[in-house]
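Trainee: Sending over a structure as structure tokens; questions will come in a sec.
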Amino acid sequence: MGQPYAWRLLSRVSSFRRASVILQHLRMSMHTEAAEVLLERRGCGGVITLNRPKFLNALSLNMIRQIYPQLKTWEQDPDTFLIIIKGAGGKAFCAGGDIKALSEAKKARQNLTQDLFREEYILNNAIASCQKPYVALIDGITMGGGVGLSVHGQFRVATERSLFAMPETGIGLFPDVGGGYFLPRLQGKLGYFLALTGYRLKGRDVHRAGIATHFVDSEKLRVLEEELLALKSPSAEDVAGVLESYHAKSKMDQDKSIIFEEHMDKINSCFSANTVEQIIENLRQDGSPFAIEQMKVINKMSPTSLKITLRQLMEGSSKTLQEVLIMEYRITQACMEGHDFHEGVRAVLIDKDQTPKWKPANLKDVTDEDLNSYFKSLGSSDLKF
């Protein structure tokens, strides 16, 4: 029985039964695939370690298919009181999904482009609804799929090495994994700025932005993890108390934030427009070095992706997470059929010439009809939870 067949069974069973089916299937192949993710039961909790350090712990479909059923099992286990997720290697929590594999699979007419997004979004929703305290240690690079594994959880711990970004508009995609839900809910217009520019937040700014709930010095993560796992039948309040104590004692990266101290007024003003064209005009009229730099960055992005992203966030601001994930699944499938994603992957990841030829090449040529096609229902193929 291959994995695609196993997953097709899942639409007809409950979430608990879904977990059981996957676990049974994985036992037949775990010896060849388990190295990508480590699943350990320690002390009072379960620990998930993303274990592809050479690839900055990039998220694969195989990893999703191991994490999801174990998460559901631990959630329903009366002896498991919390879940910790972290990345191996010290450089990254998770730098995103395997984008190159997606492009190659689509060209080969394989089902990966449906399976990965569908199963990843189901996992994102499971993290958001998890009934046990979920602690993501977002130490190092955290982008794309790594954001989906962390930001929807109850607790997110940043360090001085954290680097957060949603750079998808630069490869012909959009900030998915629930970006349409959490980005417009950040302070002011910060989420719109991050989504359209791919701007990188670092260190304490990841906490200041609200992406992380706590900040802890990276050298303290190991003892923090051990202290959490040594708790006796902890509640969410107990977990929060430990995290707060480490947060209060953190000393690293205490310099004032340039982005929050100096530029938030500009971000709120320039990114409050309802069209990408007006946002660019606002930046031009502002004329400050910061505004001009952001205008230049936006002008390099896929025009189609920019318009998709702005609409995604505007619509997502009033939707539930599940509604957003359904919307985003529709957009991903349209992007896989389009030009810009494959061109972005070519320019950034394959040929690495960094000069993608977007089609259309200008914002004015992305019509409302074009844009609407990315948001239309997929009927029976829509994402289901």
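Backbone N, Cα and C atoms are what each Cβ position is placed from, and that goes for glycine too.
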Trainee: Going by Swiss-Prot, GLU120, GLY145, GLU168 bind substrate; tell me which of ASP139, ASP176 is listed for that site too.
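Mentor: Checking ASP139, ASP176 against Swiss-Prot: the substrate site match is ASP176.
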Trainee: If Swiss-Prot marks one of LYS72, LYS107, LYS256, LYS319 as N6-succinyllysine, which residue does it mark?
Mentor: LYS256
Trainee: According to Swiss-Prot, which residue among LYS86, LYS220 is annotated as N6-acetyllysine?
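Mentor: Checked Swiss-Prot: the N6-acetyllysine annotation sits on LYS220.
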Trainee: GLY145 (substrate binding site) to LYS54 (N6-acetyllysine): how many Å between their Cα atoms?
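Mentor: Approximately 17 Å lies between the Cα of GLY145 (substrate binding site) and that of LYS54 (N6-acetyllysine).
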Trainee: Using DSSP and three states only, what is LYS256 (N6-succinyllysine)?
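Mentor: Its secondary structure by DSSP: coil.
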Trainee: CA-CA, which of the binding-site residues GLU120, GLU168, ASP176 lies nearest LYS364 (N6-acetyllysine)?
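Mentor: Ranked by Cα distance from LYS364 (N6-acetyllysine), first place goes to GLU168.
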Trainee: Quick one: Cα separation, LYS100 (N6-succinyllysine) versus GLU168 (substrate binding site), in Å?
Mentor: 13
Trainee: Around the recorded substrate site, report the further residues of that chain (criterion: Cβ within 8 Å of the mean position of the Cβ atoms of GLU120, GLY145, GLU168, ASP176; site residues excluded), sequence-ordered.
Mentor: GLY96, GLY97, PHE117, GLY144, VAL147, GLY148, LEU173, PRO175, VAL177, GLY179, THR332
Trainee: Measure the Cβ-based neighbour count of LYS100 (N6-succinyllysine), defined as the other Cβ atoms within 10 Å of its Cβ.
Mentor: 14
Trainee: Out of these recorded positions, GLU120, GLU168, LYS300, LYS376, which one has the fewest other C-beta atoms within 10 Å of its own C-beta?
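Mentor: Across GLU120, GLU168, LYS300, LYS376, these recorded positions, the one with fewest Cβ atoms within 10 Å is LYS376.
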